[in-house]
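Each remark here refers to the structure printed beneath this line.
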Ligand code: GLN
Ligand code: ZN
């Protein structure tokens, strides 16, 4: 057959999140290692079977991970941070879990390795740590064992490994500073060893992922590709170099001279001209064309691909077709969904259906299947486009009528700030929190019972009000200045809002791995978005009746709602963000009319939505900022707008953060010992700012002295009139004991600093 198909990787969490539950049971000693290993094996077997049953030509092996695929490489090359090692212990799964999760046992007390976002996805990997003069060896042979496993089942196997250069790029140097690229030479021999072992097993192809080829690479990094692949290359096994999440035009000069046998490119995220590909790429490469989107859940337009690929067949006798990237970012199986109507369901494809799409497409191209199959497959796409579920003329009209004055506050910050200070009457260094208070098992049970209709609306509302009452009481006792209702009614900051908005649908089992055992179930944006009723107003209003202190209302911003959902693809992201923004704008106005004087619009995903290449940043930042302002600018000067951001490097986007023109930003900094503040030495943030003074992700209680020191440090860079005091993120994952003790210390520290200031 001329055209073959394959995928770059498959989800590993299991059809019913078996891996998640098994891991968590193993960590809490409820199952044995033997049980855990068995569950992993079952998942792999079932994944391979699904791939073959769907009609793929080979199974992809090595995409399974007990926690994370970057960590797999750390284990493979024996890159174990010394704090995670135990004397004479042979590498085992517990070592792996210690790196990922830290450990508090008597044998070993150590903190986890850092975790960060995998390119521009919502998946998090464990950041490799490198130290000076480090040595490596081939110590963890999971890749070989799993290859043997799949071979013994009679499959045609294509193993996949993350490439050495991307691996190094993703890691961090600890201790003495050096160029991590210097370590390449020591890592290459391990890849050579793996390739030699695989070739002994008669494996024909190995896929090596080097997604950094889509980035803007420094010269030395770019050149290291030639050096590395010359060394790794062997005539005993063929290398398919896989790139994804963007195009590689800017690195083509290097790519085209690499001694590899095949090249995978992402035709969904990358801007390629299929008609020119044959000229663009080295004719010796077998091209693998990523045509099926691995990042979204929409059915593929197979007819469009068929037409283009049919043409491409005239240029190249043979090539492969594939998913754009690994299917790690897509839920597993659409057929599990019972709550979606058949009509809506017919618009989507999850991982298993995407394998089927590849199989249909390749078989029709190879004349093994009639084109009618493709026509049948795409019928729902046409039905979707003309469906009245997705079109809302009123929303579309409103988008067209957005005017510049709708995205600008009435007065500038100096004027607003004076009015707000008079109005709110807050002390210097006002204290506040980020929104959520502990989500106890009681609260979670309450929400589940309500969802399953086990309790009435009235009972639910009454109980939520009790929780709000308690939150207010606790905050008053602690002496916070700006109070919140505590978000007991919210499961997740995006799902909660989208459930109240027209234009979204929800799956029951559409889980996607976020990190380790954690999964998220992103809502799906299918149509024009509008608000049906006020969402949060009732709760904030109720909270305000309980206290004389100002209540800060809490909303999730448009960019975050967009980033953490599966977006529709028939209109631009900018358009979707603006639709969400208009819906939230109405909510903001309703809150203000209900007597709320402070409104926080969270945008933790603002940085994460940033395109991978600098070239595309301005465009994104411009519409992202405008969307935010479209929600926030509707208020009077006297209403104070806050935003909150976390989990990211802000320095790159600081000028856009300034452009948001919020009155107050609360921002995560405490984990990096307020590293961010250094930035304010040279960059004067013009409005009020609350750099988080303690890390809510840790159960440790910050001491009064620690917080005081941080505040003193912050005051070096930020004028006291502009500084707020708050934790670095929401408190929902903490217990009440931890929360009260930590906030108590935060408030005492603030009082101490206030006293010092007044003495002067
Ligand atoms: N308001 C949200 C909370 O406190 C913010 C969450 C976040 O920043 N991720 O939970
Ligand atoms: Zn946060």
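Positions of Cβ are set from backbone N, Cα and C atoms, glycine also.
In TrEMBL, the 5-methyltetrahydropteroyltri-L-glutamate site is described by 17, 18, 19, 20, 117, 122, 518, 519, 564, and among 466, 476, 603, 608 the residue recorded at this site is 608. Here TrEMBL has 644, 646, 668 binding Zn(2+), and the candidate from 631, 729 in that same listed site is 729. Checking the candidates 487, 489, 649 against TrEMBL: the one annotated together with 434, 435, 436, 602 at the L-homocysteine site is 487. Recorded residues residue 19 (5-methyltetrahydropteroyltri-L-glutamate binding site) and residue 435 (L-methionine binding site) have their alpha carbons 32 Å apart, per Cα-Cα distance. It is 518, among the binding-site residues 17, 117, 518, whose Cβ has the fewest other Cβ atoms within 10 Å in the structure shown. For residue 564 (5-methyltetrahydropteroyltri-L-glutamate binding site), the same-chain residues that are 6 or more apart in sequence and have a Cβ closer than 8 Å to its Cβ are 122, 494, 520, 522, 605. Apart from 434, 435, 436, 487, 602, the L-methionine site neighbourhood in this chain, defined by C-beta within 8 angstroms of the site C-beta centre, holds 433, 484, 493, 554, 600, 644, 730, 731, 732. Ligand 1 lies within reach of 436 from the binding-site residues 17, 19, 117, 436, 518, judged by a C-beta closer than 6 angstroms to any of its atoms. Note on the domain 'Cobalamin-independent methionine synthase MetE N-terminal' (5-310): its mean pLDDT in the predicted model is 96.
In the three-state DSSP assignment, the secondary structure recorded for residue 487 (L-methionine binding site) is coil. Its Cβ taken as reference, residue 487 (L-methionine binding site) is surrounded by 24 other Cβ atoms within 10 Å in the chains shown.
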